[in-house]
Amino acid sequence: MTHPFLDLAPMGAAEFAAIEDKVARLLRTEQDVVITQGEALLPLEGCIRSAAQPGTVALNVITGPYGQTFGNWLRDCGAEVVDLAVPFHTAVTAEQIRAALTERPDIDFVSLVHAEAATGNTNPVAEIGEAVREHGALFYLDAVASVGAEPLLPDAWGVDLCVIGAQKAMGGPAGVSAVSVSERAWKRFADNPRAPRRSYLSLLDWKERWVDGGRKALLHAPAQLEMLALGACVDRIEEEGLDALMARHAEAARAARAGAAAAGLAPYVHDARDAAPVATTLRTPDGVDASAVVAAALAADPALPVAAGGGALAHEMIRVNHYGPDARVEVVERCLAALGAAVRKVRSA
Ligand SMILES: *Cc1c(COP(=O)(O)O)cnc(C)c1O
């Protein structure tokens, strides 16, 4: 019996390269784009292990849970890590980055998350990129939660390593991801004797055996389902228009902030400028447990894209995930109506 997911023809090098080119177009980048056959944590970890070694001094910006993970990988590679943590209700500023770089002129790597789906903030990457470029450090960016939801211009902003995944605003598969790599970053990897080689985490393998060979021979059989889905999701974005897709995310975020008070909640991120278009985080009133509110809302409608914050935030933070197909004002309004009813229910319990 035929089945749309089964008995797929093997994907050839030309088809694979064409999907890479589509992703490069989406990122408006002239740099090499390498597609990585796993969820975005694969290139996120692969880049750090390729760039960092003993002697590396890294400025690691923590504006949510992922920054913590990056710091741990950097330390594991023997790098000295200077952590710059900012509260989750705000964003980091270019001035803070500049001050940190001035204090430690030997910093040669900067890791930053663009938008944080988990904490609902977004960082001013264009301005930060200017500071990092002036300093000369390699600039690593997790853009998984920003791509498709807000402007992302790795070349114009001087991003050396820009990691994306398709599973948030792009509305695509979670099992495949990509990274744009600058010439400077390739050189850093090549000069690092500890950079992974002949390993699933290796980006140099792709550089030497795929990119430098003119993208004629693949390193292994591609994950066709994910690759086809990635190609299809970029096609769909081109049909809708990237600007229209970003506008939908911005409108959803505006609606979430505007409607919070009526639901008995407050935007967690104080300044709208620092709020991510991909997801809005909301603060529950004192004494009202966020997990209990989310549980009550989901009991009423299990399909709502709402969640409680992770870890210690589970008591005070609610996330409304308005990305991809959910980046619509109607979806946000349905979430807020259910959350408002849930707040009243939890308060009266
Ligand atoms: C979603 C996301 C990822 C990918 O992580 P998942 O847990 O697989 O969704 C990575 N970085 C950021 C900033 C994200 O928002």
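Glycine too: its Cβ is placed from the backbone N, Cα and C atoms.
Under 8 Å, Cβ to Cβ, and six or more positions away along its own chain, R319 (substrate binding site) finds A117, A118, G120, A279, T280, T281, L282, V306, A307, A308, G309. What TrEMBL lists as substrate binding site is R319.
What TrEMBL lists as domain 'Aminotransferase class V' is 15-290.
Around K168 (N6-(pyridoxal phosphate)lysine), the C-beta neighbours below 8 angstroms that are at least 6 residues distant in the chain are A117, V144, A145, V147, G148, A149, V278, Y323, G324. The N6-(pyridoxal phosphate)lysine feature in TrEMBL is assigned to K168.
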**Prompt:** What is the average pLDDT across the domain 'Aminotransferase class V' (15-290)?
**Reply:** 97
**Asked** Where does K168 (N6-(pyridoxal phosphate)lysine) sit in the DSSP three-state scheme?
**Response** coil
**Reduced DSSP assignment, R319 (substrate binding site)** = strand
